[in-house]
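Enquirer: Before anything else, here's the structure in question.
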Amino acid sequence: MLFILCPICLSTIFTLEKVDYDVELVVMMLSAATLDAMAMTFYLLALRKGSLAKVVPLLCFVPVFQLVLNFVFYNEAPSLFGAIGIISAIFFILYGESASLTNLIKDRAVNSMLCVALLWSLSSIIHKDGSSQIGAVNWTAHICLVMFLYYSSFLFRIRVSTLSLSDFSSLIVPALAHLLTLLTFYQAASIGNVAFVSSLRRFSTVFSILIGWYKYNETVTNRLCISIFGLIASALTITLFG
C-alpha cells in the first residue's frame, strides 16, 4: 500500500511549502515512522492470529497507555477518573477473556495488539508535535515515505510472478483509506487533545465487529460485546475526565 502512496506523497512534498529540515525534525520523523512500522507489523500479526471482533477493541488501551506515559515522562499523575478508567479497562479485557490471566498471556493475538496500542501511544505524541510544526499534510507525506523505505527491503523478496494486476488494483482503495486515516488523525491531533482524538478513533471498533460478523462469519458473544463497549467507555472516561 505504501508503494502505491509514494507518488502522491512525493508530489505533495514538492508542491507544498518547503520544509526546513533540522536534526530534531529528522529524528522525530525517523522515530515516529519506526514506531509505526513496528506497530503495523504487530497489527498484521494480531489480525492473522485472531478475529477482528476480538483484537481490534484492544486498541482502546491507547488512551490508557497515554495516561501512563504522561505520568512517566511528564510527571502528570492521573486523576481519580483516570485511575477508574485504567482499572475498568483492565477489568473488561479480563472479562472478555473469561477472567483468565493465563489465556490472556498465552494469546499471541491479544499480546500483539497490546503491543500495537503501546507503540501507537508513544508515536502519537511525536505525531502531534511533528504535524504542529510542518502541517498535517506534509507530515503525513513524510511519514509514509519513511515507512516505505523501511518496508522496501521486503519488496525484493517478493517474486514478480506471484503478483498480478488484480492484486495490485485491490490495494488501491485500502491504500487511499489508510492515507486519509493518517491525514485526518494527524490534523486532529495537531489542534486538539491527542488522547481525545485516539478515543474517538476507537469507535471504529463497532464497525470492525460488524465487518467481522458479516463478512468473515465471526462469532460475537454477549460477553465479547460487553467487553468491547466497556473498553470504549473506559477510553472515553480517561479522555473526558482523566
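Heads up, residue numbers simply count up from 1 along the chain you see.
Note that Cβ sites are derived from N, Cα and C of the backbone, with glycine treated the same way.
Heads up, TrEMBL stuff is auto-annotated, nobody curated it.
Not measured: the values here are computed from a predicted model.
Annotations for this protein, taken from TrEMBL, read as follows:
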type: DOMAIN; residues: 113-239; note: domain 'EamA'
type: TRANSMEM; residues: 25-45; note: transmembrane segment
type: TRANSMEM; residues: 52-74; note: transmembrane segment
type: TRANSMEM; residues: 80-97; note: transmembrane segment
type: TRANSMEM; residues: 139-156; note: transmembrane segment
type: TRANSMEM; residues: 168-188; note: transmembrane segment
type: TRANSMEM; residues: 221-241; note: transmembrane segment
Enquirer: Find the average pLDDT over the domain 'EamA' (113-239) in the predicted model and report it.
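Expert: Across the domain 'EamA' (113-239), the average pLDDT comes out at 75.
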Enquirer: Can we call the transmembrane segment (80-97) and the transmembrane segment (221-241) in contact, meaning three or more C-beta pairs below 8 angstroms at a sequence separation of 6+?
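Expert: They do touch: at least three Cβ pairs between the two stretches lie under 8 Å.
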Enquirer: Would you kindly check 25-45, 52-74, 139-156, 168-188 and say which stretch has the most C-beta pairs under 8 angstroms to the transmembrane segment (221-241)?
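Expert: Ranked by Cβ pairs under 8 Å, first place goes to 52-74.
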Enquirer: List, by number or range, the same-chain residues at least 6 past the transmembrane segment (139-156) whose CB is under 8 A from its CB atoms?
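Expert: Beyond its ends, the transmembrane segment (139-156) has Cβ neighbours at 2-3, 5-6, 8-10, 12-13, 19, 29-30, 32-34, 36-37, 40, 127, 130-131, 133, 179, 182-183, 186.
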